[in-house]
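Below is one structure, written out as structure tokens; the observations come after it.
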């Protein structure tokens, strides 16, 4: 089953949403495979990236945690990923394993493959401290590798 056969990509990137928890960068499942999107959301002010998802039982074990941790590390954002779980069709089972990853890349809360709830503290002062200590966005070199979304010369 390919979601791309029944869905259409959106026409634009939405700005982060202001909430009491922090600035939320909104994305969905397949979006986590594109670091450019996560980086653009972080540069636009996101502190927390959200990925409601339905990874399958094949890609989940290999890619789920690795991609979520990578997005957290490279953006220095919290990543909150709610995951569908269970068997939905004879040929489709979702991986589950909802989780929260901190800006250092540490998984701070997780569920198993089944239904569940996990809670995590989102500490924006820790996020700011980490960004100040390791200012990766200030050290980017678009003069060498271009700007997000623009081809190299």
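Even glycines carry a Cβ here, placed using N, Cα and C.
Annotated in TrEMBL:
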type: DOMAIN; residues: 1-124; note: domain 'CN hydrolase'
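Confidence for the domain 'CN hydrolase' (1-124), expressed as mean pLDDT, is 92.
Look at the domain 'CN hydrolase' (1-124): DSSP puts its residues at 35 helix, 34 strand, 55 coil.
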